[in-house]
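According to TrEMBL:
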- Asn7, Glu382: Mg(2+) binding site (BINDING)
- Lys14, His204, Leu205, Gly206, Asn207, Gly208, Asp278, Met279, Arg280, Gly327, Ile328, Gly329, Glu330, Asn331: ATP binding site (BINDING)
- Arg87: substrate binding site (BINDING)
- Asp144: active site, proton donor/acceptor (ACT_SITE)
- His176: site 'Transition state stabilizer' (SITE)
- Arg237: site 'Transition state stabilizer' (SITE)
Amino acid sequence: MGVLVINCGSSSVKFALFSASNPHPVAHGIVERLLGPHASGELRLPDGTTLPLSVAEPGDHQAGLRAALDTLRAQPGLESVEAIGHRIVHGGQDFAAPTRITPEVLATIRGLASLAPVHAIPNALGIEAATALFPDVPQVAVFDTAFHQSIEPRVYRYAIPEELYQDYGIRRYGFHGTSHAWVAARAVEQLGLPQDQHRLLTAHLGNGCSATAVLHGHSADTSMGLTPLEGLVMGTRSGNVDPNLHLFLHQQTGMSLEEITALLNQKSGLAGLAGVTDMRQIAEKDAQGDPSAHLAIEVFTFRLARELAGLCAALGGPPDALVFTGGIGENSARIRRDTVAQLGALGFKLHPAANDIHGRESAGCISPPGTAPAVLVVPTNEEFAIASATLQLIGLA
């Protein structure tokens, strides 16, 4: 039983092929620079083999996906594709769970372009490309926002006129839901917590960053909002800023609304503070005495700690655990250490040696043995989570 997971961006297609319940892909890869003259990609196999992908004209999403498919089919022993799962960034208020894709569902996803202009159309193009190549294979949309549809109006409503919410759906949605749900479930299993009685804080830290309060298996609050710009400091996104910043920058610099939006999304965050987005480089620069790198780490960890502390209001009681995931969350002992050091009021502590090796010898636990609340490092696996949700929905799990 082969499940193909597709994640389409504006100029790229990421893909992974899974075999039934195996959490490790039997093949995965990416096609980049689509819609340009030099579209290309690569396919990676479990044995470390990397195969180039040649993308035919016109170099669009369908051509990129076809290049991946042709190379996959040429590999002996690989599963045939019997189901397809798509990562869809924004489901608006329409989708609270993985959904079988129909023409009506596709039209709704396209209609969400006003809420997710960067993602909705590429996501729809991925569905259309897969439909053209696999007309008889069932497809499922798995939404980043779906996990957060359980949050209450007191959490998701902005304090703006009612008609703006009713007419335009302006509210907090949250993102990275597939990752938050995945690592929360793994943490509950590892700690032996009751499935219907637990309180967790999860921190997904990568180029995009978000934190979530998970109450009894459901999202109770999250840091991102109407768009992924709200919340934490990220690789190139500013996170929370004064809402009047747009007007101030326009008046002071003459920048347009579009230019300011691009600045906050693409040139701010760690890039704005330290000049680079890679936390490893920032840590190296800090060790060399670079004050901007040091400030970037301080701002990043303080904002994260403050957000995590605030999320406890949605839990209704003390958290059972804090879970770190994502590229930074899983691999930066420094960020975990500096963040937890600012959460002493919540009772969180680290075991320094366990933290330094990312919990590899303690099943991910990086807090002192026998102490509560726990602190864990749990690797995310969004692609496998999408594959699992796809199989479950179409009844093949």
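Just so you know, glycine gets a Cβ as well, placed from its N, Cα and C.
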Neighbour count (Cβ, 10 Å) for Leu205 (ATP binding site): 27
Residue among recorded positions Arg87, His176 with least C-beta crowding, 10 angstrom cut-off: Arg87
Most distant Cα pair in Å, residues Lys14, His204, Leu205, Gly206, Asn207, Gly208, Asp278, Met279, Arg280, Gly327, Ile328, Gly329, Glu330, Asn331 binding ATP: 24
The residue listed as 'substrate binding site' as reference: those recorded positions from Asn207, Arg237, Asp278, Arg280, Ile328, Glu330 with C-alpha within 10 Å of it: none
Listed binding-site residues (Asn7, Asn207), ranked by Cβ neighbours within 10 Å, top entry: Asn7
Those recorded positions of Lys14, His176, Asn207, Arg237, Asp278, Glu330 having Cα within 10 angstroms of Glu382 (Mg(2+) binding site): His176
Neighbouring C-beta atoms (10 Å sphere around the C-beta of Arg280 (ATP binding site)): 13
Site of maximum Cβ density within 10 Å, from binding-site residues Asp278, Glu330: Glu330
Which of Lys14, Arg237, Ile328, the listed recorded positions, has fewest other Cβ atoms within 10 Å: Lys14
Neighbours of the residue listed as 'active site, proton donor/acceptor' among the recorded positions His176, Asn207, Asp278, Arg280, Ile328, Glu330 (Cα to Cα, within 10 Å): His176
When distances run from the Cα of Leu205 (ATP binding site) to each of the recorded positions Asn7, His176, Arg237, the nearest one: His176
Other C-beta atoms that fall within 10 angstroms of the C-beta of Glu382 (Mg(2+) binding site): 24
Cα-to-Cα gap, His176 (site 'Transition state stabilizer') vs Glu330 (ATP binding site), nearest whole Å: 15
CB contacts for Asp144 (active site, proton donor/acceptor) [other CB atoms within 10 A, all chains]: 25
